């Protein structure tokens, strides 16, 4: 069988196995995500598996870069990916996406035993400080002038002497005496 036929068969199998499973997500016909653990579980993580054109003869691309994993330290992610790579090498040449997801589910506790959730507040503040640093130099650019409508420009011109100068006494108050006779 060709790689494409193997992929089509595996795709059908994955769709039937994970039908109704909210942890499974098909991003495209060659890219899948699976959440290991419940969504409220601090030790839950998301694995993304993408097939190459020659998969299953060549290894799939496994990633943990999803935003869902932002509380997991990079050391834990690397250790999980290394263990999944071992499983990939053991199953090379066969349909392995289901096997990888099940392997991760079975070993979740072992994978996450040293996991201490990274505070999302610190990672957000780091992102913000990096963005703020990038914004600072650009704020030295010329500030945009306020855009005025034609009516506003006309009104402004009528108040000035057409050189932009206001006439002397423009803000003086008239004092009027009222006489009773």
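For all residues, glycine too, the Cβ spot is worked out from N, Cα and C.
Unlike curated records, TrEMBL annotations are generated automatically.
What TrEMBL records for 9-111 is domain 'RWD'.
Residues or ranges marked as region 'Disordered' by TrEMBL: 135-163.
In the domain 'RWD' (9-111), the DSSP tally of helix, strand and coil residues is 44 helix, 20 strand, 39 coil.
Predicted-model confidence for the domain 'RWD' (9-111) is 87, expressed as mean pLDDT.
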